[in-house]
Every structure is written in C-alpha cells, then in structure tokens.
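Peer 1: For reference, TrEMBL lists these features for the protein:
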- 32-150: domain 'Response regulatory' (DOMAIN)
- D85: 4-aspartylphosphate (MOD_RES)
- 166-231: domain 'HTH luxR-type' (DOMAIN)
Amino acid sequence: MLRIGASKANCLMYICSQRIFSMSQNTILRRNAFVLDDHQLFADSFTLLLERYMQFENVQSFSKAEDLISCMTSFGTKEVYVFLDYYLYNDNGLQVFSEIKRLNKKAYIIFLTSAISTSVIHNLVSAKPHGILSKSSDIPTMIKVTNDVLKGEISIDKNLQDILDTFDQVPSFTPRELQLLKHFSLGSSISEVAEKMFLSKHTIVAHRRKMMAKADCNSIGQLIRFAHDNDLI
C-alpha cells in the first residue's frame, strides 16, 4: 500500500485509491511493462503506480535509454508496454521510440511528457505512438489512457488534446531534424555535425535548408530561437 505523504496530493491519492483501483481490477490482464525516464525517482514512482493500479505482472524501470534498449534486445518480440519519457538528457525520445519499434513490432508505446508546447505535442502525435500521457495528469487519467491502449485504441491525454485543439499548429520535425537542431544549438559547425551523424555536409545543408523553410526562418540563429521558443530542444 502506498505511504501517505506530506503533500495534499499524496494524501488525496491515498484516500481515493480503493475507488480508483476498482476501475481497473476487472479489466486488465497481467502484462509486462517498461518505464524509461532519466529521473530515477519518477521512473520508480510511476512503476509503483502501474503495479498498483494496472496490475502489470512485471514492471521494470530504467533511467538510461541504452539500458532499456539492451533489455528489449534480450526480451525479444513478446508483447510489452513501454512508457517512454519524451525529454531525455542525452537522448531524444523520438529516436528511442524509433529504435523500440525497430526491435519489437509488438511493443505498445505510451509517451510521458511534461510538455505543454503545441509543437512538442504535435511532434509526438505525428510519431504515431499508441498513447500520450501528461506527467501532470491524475491517476484516473493514467488508468484511462493505459486502458485504451490495452484495448488496442490510440489514446491521448485529454489535457494534451485540449492544447492541440486550442492553439494553432506549428510545423513538425523528424527525429533526425531534432537531433540536428540540438547539435546546431550547441554551436557545432556543419562539418562537425556531419562527422557526428555520419552524414555528408551536403546532406546536413539540405536538412538545414528544409528546417528553415518549415519554420519560415532566414538564418540558423532564427531557427534555433524558434526551436527554443517552442520547446523543441
């Protein structure tokens, strides 16, 4: 049973736990799940929530993408549910998403995000995960989104859907383009980026030109500012 914390949120979560638990008890079969978040405390806490409310048979948490990928390589192609943080310190969540899909076609992926930027949410939707869950959501929302995915549906947290419905969409960028943006924001030259990404300088220039056109920018400085303003990097 979860401990009652000092905060009001934890107290309320504890008080309503029995009522919420009944929502999932009769609908969820035992399944395996992985959680990746570079904040270990969040990863472990979210793992406990999944074990308690969703009755996964086995839930493992990871704070490094390479550890998750290594585990998934050993896990094979069995059905698994992956709760994937979008913002990772040394990795891009969309790139990890692509790698998971390459390793296991039976992986059901739910993005976890603290983002409230329309552009970020739009990028996540464009990647076509099985679900997207805001880290600001409550437990009933977590249960609903996870239940929807378990039933084979695509589910987006209502709070995030409201943001998409309210604000104008901004252009979406591919995982590779986001990686390029990150390198450029760190001051890397075209030659340095080409070497790091094992691409030709011509390819890097073509990508940069395409990104600037998407964002309607006239310089790399404007493009980086656009990326920061929209929480893309």
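All residue numbers here begin at 1 and follow the chain in the order shown.
Cβ from N, Cα, C; glycine included.
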Peer 1: Relative to the Cβ of D85 (4-aspartylphosphate), which residues of the same chain, six or more apart in sequence, are found under 8 Å away?
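Peer 2: Set apart from D85 (4-aspartylphosphate) by at least 6 residues yet with Cβ under 8 Å, we have L36, D37, D38, H39, F42, G93, F111, L112, T113.
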Peer 1: Over the domain 'HTH luxR-type' (166-231), what is the model's average pLDDT?
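Peer 2: The answer is 88, the mean pLDDT of the model over that range.
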Peer 1: Per DSSP, what is the helix/strand/coil residue tally across the domain 'HTH luxR-type' (166-231)?
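Peer 2: Output for the domain 'HTH luxR-type' (166-231) reads 45 helix, 0 strand, 21 coil.
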